[in-house]
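Annotation source Swiss-Prot lists active site, charge relay system at LYS162, GLU461. Annotation comment: Swiss-Prot describes GLU250 as active site, proton acceptor, evidence class sequence analysis. Annotated active site, nucleophile per Swiss-Prot: CYS284, in sequence order. Per Swiss-Prot, the feature K(+) 1 binding site maps to SER26, ASP93. According to Swiss-Prot, the feature NAD(+) binding site maps to GLY150, ALA151, TRP152, LYS176, PRO177, SER178, GLU179, SER229, VAL230, PRO231, THR232, GLY252, CYS284, GLU384. As annotated by Swiss-Prot, K(+) 2 binding site applies to LEU244, LYS454, GLY457, with the evidence given as sequence analysis. The cysteine sulfenic acid (-SOH) annotation in Swiss-Prot covers CYS284.
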Amino acid sequence: MKAQPKASHFIDGEYVEDTDGTVIESLYPATGEVIARLHAATPAIVEKAIAAARRAQPEWAAMSPMARGRILKRAADIMRERNRALSELETLDTGKPIQETIVADPTSGADAFEFFGGVAPAGLNGSHIPLGQDFAYTKRVPLGVCVGIGAWNYPQQIACWKAAPALISGNAMVFKPSENTPLGALKIAEILHEAGLPKGLFNVIQGDRDTGPLLVNHPDVAKVSLTGSVPTGRRVAAAAAGNLKHVTMELGGKSPLIVFDDADLDSAVGGAMLGNFYSTGQVCSNGTRVFVQKGIKTEFLKRLKARTEAMLIGDPLDEATQIGPMVSWAQREKVVAYIEKGKAEGATLVAGGGIPNNVSGEGYYIQPTVFADVTDDMTIAREEIFGPVMSVLDFDDEDEVIARANASEFGLSGGVFTADLSRAHRVVDRLEAGTLWINAYNLAPVEIPFGGSKQSGFGRENSLAALEHYSELKTVYVGMGPVQAPY
């Protein structure tokens, strides 16, 4: 098997196997070929990982942020040196085209290690509060053992986005990747260990929906950070609340992308395509409700159709390929069902809508699909599809489109394309979402916070804001004189 790791889990600085766990087969989405066979964590493996993290964390927390940061920056350097191999593994794991993974996956993970390794001494500062002759100060302290639960669309990136702020803040982490993409996180653990991270501080265990509750409900876990669907987020948040654990939830979305009639049309079309077809549409922040002002709708659709039908679908390891397969057969079938629902409910099919015939029949391929004349009540306009399906809706004026854009339970992202920057800022101020773009879409550098509102979650990934979610404030009052007591 072309991507078989040394063992299923990485615990306390070494690979660990336990064949008593349920078998997890890793399939290459382009062909359906089994590329690795692993085992889900048993309760004993979960205990072993959490015990290793708990044992290692106090000594790590006692190190200076600068010393911790040096290790993270070394890990970033190693990732960049091995970017090609890591990108190919990510493509095998996810089916995403190599032309994407080589610029967007391990590289963004390395950016996270470099960023947090460099800024933590400033980001973890406390404050001094003068109180007359007395004074107080605050300091940021780590939470302890953190659990990270990853999704299958950006497995290496997500592992790094969670590990970097957790580790630099002085925590230890047990990370569970998605069972669909189990391979990349093991390499991240290997690289961190090679960079000098002490044993037990970043552990990776495999698992499925039965493994998550063992982690979330464990009494030694202080924080849970999940990237996943809204239903999963609700279950995890409810379980974590039972023990008052800290939580970060980066969940799904049905985000609006608004194109006004004064926008640069080619840029707007490009933004809509990036916001719907990148990673074969498997991006939580995608702007899948594309609102186009009526006066430019015909020309917008004409250019969109031409560019969509020109996209190259094929082998993800071919650098010319622009669209790869879905991550799994089940996900493809889910997306196909949504496409059929769009047709049945009266949306106009502009492009795609079927299975491409120029690729392996065993792969999980689907054509990038555009629907027009979509109304707000259609299923494809209300529910997260998580595939390459764009819904184009038309609108008349600003107030109307803002009201319709906000009429969703989700609030992860949104975008505005317009030449009028006053209007752009006015609109984003009124949109109910955590992450917004003006004349751009789906750019998420590690320097800026990323996260949602409403049913799309809470807490923030990346930037200095992430440190607030992996640490807590300790307040110290210092009395400088005798205590005055009334008794």
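Cβ atoms are placed via backbone N, Cα and C, with glycine included.
Listed in sequence order, the residues of the same chain lying 6 or more apart from TRP152 (NAD(+) binding site) and placing their CB within less than 8 Å of its CB are THR94, PRO177, SER178, ASN180, THR181, GLN282, VAL327, SER328. Cα to Cα, GLU179 (NAD(+) binding site) and SER26 (K(+) 1 binding site) are separated by 8 Å.
Here SER26 (K(+) 1 binding site) is compared against the recorded positions GLY150, LYS162, VAL230, LEU244, GLY457, and the shortest C-alpha distance is to GLY150. Cα proximity to the residue listed as 'active site, proton acceptor' (within 10 Å) is found for the following recorded positions from LYS162, LYS454, GLY457: GLY457. ASP93 (K(+) 1 binding site) sits 18 Å from the residue listed as 'active site, nucleophile', taking the CA atoms of both as reference points. Secondary structure at LEU244 (K(+) 2 binding site), taken from DSSP and collapsed to helix, strand or coil, is coil. Here the C-alpha separation of LYS454 (K(+) 2 binding site) and THR232 (NAD(+) binding site) works out to 15 Å. THR232 (NAD(+) binding site) falls within a helix when secondary structure is assigned with DSSP. For LYS162 (active site, charge relay system), the recorded positions whose C-alpha atoms fall inside a 10 Å radius of its own C-alpha are GLY150, GLU461, out of GLY150, VAL230, LEU244, GLU461.
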